[in-house]
Structure formats: C-alpha cells, structure tokens
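Read the structure below first, then the notes.
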C-alpha cells in the first residue's frame, strides 16, 4: 500500500507540474494594431513569411482545395448510394450546417489571424490546466486531418486519371491498388516540389485555380445536358423525390451517410487561417476566403448535383454505381458525350484535382510549420526552419508530403477500405480541430478572453451559430466513424475510428510522457514581450505603401 501511495503521489506531482507549465497568454487588441505585422507581433510572432496573397487569392486557397467538379467526381458514389435525390438533398442540408461551421471559424480567425490557428485558439480560450494538452491534441489532429486531405485529394486524382485511361482503352485496362498508389505518389511528390517555390508563385496558382474550376463548372453545366438530351432527362420525381437505398443500413441512416460528398468537398476552409500570415489585410481577407468559398461551393455544388442527377442515363442509379470506369461522374459524361469527350473531360477534371492538391499541400505545410514553431512536433527545430531566400517553410512542406505518402499506404494495403479511410480521416480530424475552440469560446474563460475582430455577428447571433456548429460537429464526427455497410469485414471496415482515436490518444500520451518537456502552448518568438499596452516588441519588417514588406 505504501508503494502504491508513493507511486500515486509521484504521478500526481508529475501531472500537476505538467498541467501548470504554460506559456504566457498574451493580451491581444486587434483593433489597435496598425497593420498585419503589428497584429502578428501582438499574437506573439515575428513576420517570417512574405505576404503575397491578395483577398481574391485568399478566397482561391479554399475554393481551390474544394475544387468543386473534381471533388464531386471523387465522392459522388457516396451520395448516390441513397439515390439521386439523396445526393441532391444531402448536399443542400449539409451545406447549411457547413456554412454555420465556417461562420464560427471566420469569427475566430478574424479576431486572431495566425497560421497556428485552431490549436492557438484552443490554448488561448481554454481554462487553466487543460489548455496546453488540449491544444497539443488539436495541433496533432489538425495536422493529421490536413494530411488526410492531401491523401484523399491525391487519391481522387489517381482515380480520375485511371478512369480516363480505362475509357480511352475501351475497358482494356485494369485499375489496381498498385497503379492507384503509383499515380497518388507521383501527385504528392510533384506537389511538394512545386510548393517549395516562393509564396508569390503559389499565390498566383490560386488565381489560376479559380479560373480552371469556374471553367470546368460552366463547361459541365452546359455540355453534359446538351449531350444527354438525346437520351432524355430524368423527371423531377427522380431528382427530388423518394430516396433509394443501396446500403445495408436503413434508409434514414443511409441518407445521413450520403451527406458525406458535401461534408468532404466543402471542407478544409481552415486553410485560409493557416495561410493568414501570408495574406494582406488578413483580418478582412479571412471572412471573404472562408464564407465566400463555402457559399460559392454550396450553391454551385447543388446545381452540379441536380444536373448530374438529371442526366443519369435512364435514371438507373445502380448502373452508375457499378460502372466499370470506377467513377460515376466519368460514366455520366461518357453516356452523355461519348468516349472522346469523356476522356477529355476527365483529363480536365484531373487538372482541377491536381490544383486542389497543390493548395492543400500549401495549407498543411503552414499548419505543420506553425506547430513546429511552437515546439509541438518531433524534430521541431528542423521542421520550423524557413528558407531565408524563398521565405517558404520548405522542410515543413516536405514533412507533409512524406507523412501523406506513408498514410496513403492504406490504399496499397486495402484498396476500397483504405481509400474510404482517407476520405473520412480528413473529415473527423479536422472537425475535432474546428469544434474544440468553438466550444471553448462558449465557456466562461473563453467568453471572457474573446475580443472580436472586424467580422462579428453580435453576442446572441454568434452564440447561436457557435452552438449549432458544436452540435453539428459532434454529430458528424460520430457519423464519419461508421462503415458504409452494416455488414463489416476487412474490406468494408471504416478504419477512421482506429486511426483518429489512435492519433488523439497517442498525442495525449506522448504529451504527458515526453512532449511537455518542449511544448508549453504557443510561445512568442519575438525578442521582447508585448504586454498589450506598451508596444516594446521588435519587428524586422514593415509594410510599404503597396502593402509589401521591406526590411528595416
């Protein structure tokens, strides 16, 4: 008994010491900051990256990652498993709640625009004693979620490329797990190489991506209905009417699972926050980036779903789901426009998907870099290095790529189940990272510390939006853990629950055993401390008249 009491005493003392170790919680008065550099200094960081992103390019970060038509093509099968109307109404319903979630993040991001974003907010708004370990878990979860997004987008790219090859060879081509992983790996490796260019070039890519994605949407909405007119269009009852069910779950739950196309597509909008230290006038650019991209994808995506449902040949949903092309969208285009157009369309969609992966690699690298800057990652001193010539976190970009390649091995090990885990992994991990700081800002400590930025809806509307967001996120995290079929085996198992819960538990264990020695929450890298009233900090750059940074 004495030995047990001694162990318990030492354990209690260790926990008390770990939980009491916390970096300074800074006083942030965003409205008093003269410019982006001064606000970032209030938050606790010096300006290390170049600010090249205009407001439209900030919008382009999220809009590009969402990559509407390529994303719908990647996950359409999940929606069609409850019929065409399940796809259409699932998109519309999920879109509303996603807009609420985006509004909550916009309110938080507008108040404190920093690349660390979600784990920073978690530590900032959490009660004493829990902020540091909780923020560590959120930093890990958000990093894994964004890398899961890289994996799922790159896998979607591989699927679309191989579908185009299958169609071009009239079916004389076998789509294997090895081929899928090969294209997947080539996509990620080339993404990493391109993203190691200067921020100015990656910012320009966002403008290119906007044009490509809008072009694809317009082309699909015009060309596919024209081509499908010879087959006739499906009636409104098929598009908007009774649900079908091609899952072993009951119809109600099958319909809920069919919300996943919208949830996955209209996601990763937190990328805007992660790139905020490279944005001009970040506090005002963040609302345009998050809410603009969600709104555009919600409405345009609903139109795409309706057009797709209207042009499914003969209204036979099961034929589309069982298509040998491996992609329902490819089959819809093939039935409407024929072989040559289908190959061309899938090639163009693949380009859009590739631009998506470029954008999310950029966003993931900034989150990983920020977390390493606060000593949250193993090898943090190596990862947080910013190339002094290009002003780009090249090592963090490489870290994101290597980690994504390793996670992507799930596809090689177990094709359909592995690919499903990649899609759900991005959803569950990012949802947790979005939900925790939103919940904390509703609690007494968070409410007391919160100081609104330029985007704020007032006390009561903001509270209602936050409550809706928290309830929605809790529901979707649970939903994303479910397998697509009630009959579970090694091929139909949803491994997301194993991966996500494993990451969260391992992050907590690692923090208490070892990570606390280095990570004590977000910490300032300024030479002097800013106390909220006496701006005695030092910064090494200021804005010139064109809102660019110059050394001083």
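Yeah, the Cβs are placed from backbone N, Cα and C, and that goes for glycine too.
Owing to the predicted nature of the structure, the values given are computational and were not obtained by experimental measurement.
Positions annotated as transmembrane segment by TrEMBL: 56-77 (among others).
Under the heading transmembrane segment, TrEMBL lists 89-122 (among others). When Cβ-Cβ distances below 8 Å are used as the criterion, the transmembrane segment (89-122) is approached by residues 28, 30, 36, 39-40, 43, 45, 79, 82, 131, 134-136, 138-139, 142, 240, 255, 258-263, 266-267, 269-270, 272-277, 279, 282-284, 286-287, 290-291, 294-295, 297-298, 301-302, 305, 366-367, 369-371, 373-374, 376, 433-434, 436-438, 440-441, 450-457, 462, 465-466, 468-469, 472-473, 522 of the same chain, each at least six residues removed from its ends.
What TrEMBL records for 134-158 (among others) is transmembrane segment. Remote same-chain residues near the transmembrane segment (134-158) are listed as 65, 67, 70-71, 73-75, 116-120, 122-123, 126, 179-184, 187-188, 191, 264, 267-268, 270-271, 274, 350, 353-354, 356-357, 360-361, 363-364, 367-368, 371, 374, 376-377, 400-401, 403-404, 407-408, 411, 419, 422-423, 425-433, 436-437, 500, 503-504, 507-508, 511, 515, 519, 521-522 (criterion: CB distance under 8 Å, separation of at least six residues from the stretch ends).
TrEMBL lists 178-198 (among others) with the feature transmembrane segment.
What TrEMBL lists as transmembrane segment is 210-233 (among others). If you look at the transmembrane segment (210-233), the same-chain residues 6 or more away from its ends with a CB under 8 A from one of its CBs are 56, 59-60, 63-64, 67-70, 300, 303-304, 307-308, 310-311, 313-314, 332-333, 335-338, 341, 345, 348-349, 351-352, 355.
Panel annotation: around the transmembrane segment (253-273), residues 58, 61-62, 65-66, 68, 71-72, 75-76, 78-82, 86-87, 89-91, 93-95, 98, 102, 105, 109, 113-115, 117-118, 142, 146, 149, 152, 243, 245-247, 279, 285-286, 289-290, 293-294, 297-298, 301, 305, 359-360, 362-363, 423-424, 426-427, 430, 433-434, 476, 479-480, 482, 484 of the same chain, lying at least six beyond its termini, place a Cβ under 8 Å from a Cβ of the stretch. For 253-273 (among others), the entry in TrEMBL reads transmembrane segment.
Marked as transmembrane segment by TrEMBL: 285-312 (among others). Under 8 Å from some Cβ of the transmembrane segment (285-312) lie the Cβ atoms of residues 53-55, 58-59, 61-63, 66, 68-69, 72, 76, 79, 84-85, 87-88, 91-92, 95-96, 98-99, 102-103, 105-106, 109-110, 113, 217, 220-221, 224-225, 228, 231, 233-234, 238-239, 261-262, 265-266, 269, 272-273, 276, 279, 320, 329, 332, 335-336, 454-455, all in the same chain and six or more residues away from its ends.
TrEMBL lists 341-364 (among others) with the feature transmembrane segment. If you look at the transmembrane segment (341-364), the same-chain residues 6 or more away from its ends with a CB under 8 A from one of its CBs are 60-61, 64-67, 69-71, 73-74, 143, 146-147, 149-150, 153-154, 156-157, 160-161, 163-164, 167-168, 187-188, 191-192, 194-195, 202, 205-206, 208-209, 212-213, 216, 219-220, 223, 227, 268, 270-271, 274-275, 327, 329-330, 333-334, 397, 400-401, 404.
For 394-415 (among others), the entry in TrEMBL reads transmembrane segment.
Taken from TrEMBL, the feature transmembrane segment covers 421-443 (among others).
The feature transmembrane segment is assigned by TrEMBL to 455-481 (among others).
Marked as transmembrane segment by TrEMBL: 493-513 (among others).
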Intrachain neighbours beyond the transmembrane segment (455-481), with Cβ under 8 angstroms and 6 or more residues off its ends: 97, 100-101, 103-104, 106-107, 110-111, 256-257, 259-260, 263, 283-284, 286-287, 424, 427-428, 431-432, 434-435, 438-439, 441-442, 494, 496-497, 500
Same-chain residues near the transmembrane segment (56-77), Cβ under 8 Å, at least 6 residues beyond its ends: 87, 149, 152-153, 155-157, 159-160, 203-207, 209-210, 213, 216-217, 220, 260-261, 264-269, 271-272, 275, 279, 282, 285-286, 288-290, 292-294, 296-297, 300-301, 304-305, 308, 321, 327-330, 346, 349-350, 352-353, 355-356, 358-360, 362-363, 423
